[in-house]
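Quick notes on the structure that follows.
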Amino acid sequence: MDQFNYQNQILFAEQQPLNKVAQEFGTPCYVYSRAAIERQYHAFADAAAKHPASLVCYAVKANSNLAILNLLAKQGSGFDIVSAGELRRVIAAGGDPAKVVFSGVAKTADEMRFALDLGIKCFNVESSAELEQLQQVASAANKVAPVSIRVNPDIDAKTHPYISTGLKANKFGIDILQAEQIYQTAASYSHIDVVGVDCHIGSQLTEVQPFLDALEKLLKLIEQLSANGIVLQHIDIGGGLGVRYDDETPPSPADYISQVVKRLTDYPHLELVMEPGRAIMANAGVLLTKVEYLKPGSEKNFAIVDAAMNDLIRPALYSAWQNIVPVVLNDSLPSTVYDVVGPVCETGDFLGKDRPLAISQGDLLAVCSAGAYGFTMSSNYNSRPRAAEVLIDGSTMHLIRAREQWQDLWRGEQVLIS
Ligand SMILES: Cc1ncc(COP(=O)(O)O)c(C=O)c1O
Ligand SMILES: N[C@@H](CCCC[NH3+])C(=O)O
């Protein structure tokens, strides 16, 4: 097992900084480890480098902090984006547009123009209507759009239904049975250059087999296309590799990618593209929060903390389980079973249920595995300012996003309407 996938590692390795972070920057606060991010990125990149050509396109949606994008860009990473906003972030962080793939089912004409102007690597097209619009936009801009068709291989990713994307019932991609027809159409368009194929079957997958099944279907399609004169330059296997939140045992990135590389031995001309998000970021970050009050009850005891569902929505949205541990272990306190809840006025505002914890008022807790889909899914619900983000780099703490100020919550609003 890749030790770094163990959810508490950042905490135990860097416990001292967590106290210091809270003192200096307050709570709630996201805290990330530079070493962990770089290590996870290289786990993918190094395994993929055994194939003649490869590119890791980090999925920006997992964590789009500019400092983190910059770290990854400096390691050579490309980026998987789903909006012009994410593309702007990649550029602002020093990312190379030529290493950007653009996913998403609803790219607007404006977004297409913007990405074409910047010269991105590829549009991952998800419908024939989108393909048609891209042809029109590219033609009007006198540019040629590089295109991959995102196929939906109808594979059960065996993950939470909200984060499964590769079934016919999901809105994503083009039915693999219709794919060849769409490739022929794409090849006939004047301002489209067909360069690849991609798929993404879901997130938090803990087995390799569904990935390998999808790969098999893609390779079959590639063979069929090539027999009909359409030769692709890259295969993009998407993201989706799971992490250990609790007792899951996902394969390591090296394990998973090595199996893919092995299967691609007979396809040395095909560049291997990957879009991992969670597997790079989740266990590289924690959400630091303070116990405001302990509230004992006859049925439930509540540990009321200063982080809430607006800061980390995964428990409320997917009933996701993330470990919650005290930053300083106190053996002299009795352990009590708590629901760890936040200040938001919703019954669904919890970070964890039925957690045995030895804690007192004022203690710091770390919600583990919070580096992916934590801050990026946060909101201002209940007019709560968004948390700060801090990057630990050896003994240095970098404030990479200051806690939102109250005035930010109404910036840009018009108060008086005549
Ligand atoms: C198209 C696409 N690529 C990559 C990802 C990243 O997925 P993950 O964070 O599970 O690696 C997602 C999100 O599920 C996605 O929709
Ligand atoms: N946001 C989800 C994953 C969705 C991935 C994006 N397609 C999570 O926190 O698990």
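Using N, Cα and C of the backbone, Cβ positions are placed for all residues, glycine too.
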Worksheet item: For the substrate site that TrEMBL assigns to ARG278, ARG314, TYR318, GLU346, which of the candidates TYR189, TYR245, TYR256, TYR373 is also assigned?
Response: TYR373
Worksheet entry | Cα within 10 Å of LYS61 (N6-(pyridoxal phosphate)lysine) - qualifying recorded positions among GLY240, GLY277, CYS345, TYR373 | GLY277, TYR373
Practice prompt. Filter the candidate list PRO276, GLY277, TYR373 of binding-site residues, keeping only entries whose CB is under 6 Å from an atom of ligand 2.
Written response: TYR373
Fill in: Annotated pyridoxal 5'-phosphate contacts GLY240, GLU275, PRO276, GLY277, ARG278, TYR373, maximal Cα-Cα distance (Å, integer)
15
Item to complete: Could you measure between CYS345 (active site, proton donor) and TYR373 (pyridoxal 5'-phosphate binding site) for me? Cα positions, answer in whole angstrom.
Response: 22
Discussion item. For the domain 'Orn/DAP/Arg decarboxylase 2 C-terminal' (29-371), report the average pLDDT of the model, please.
Written reply: 95
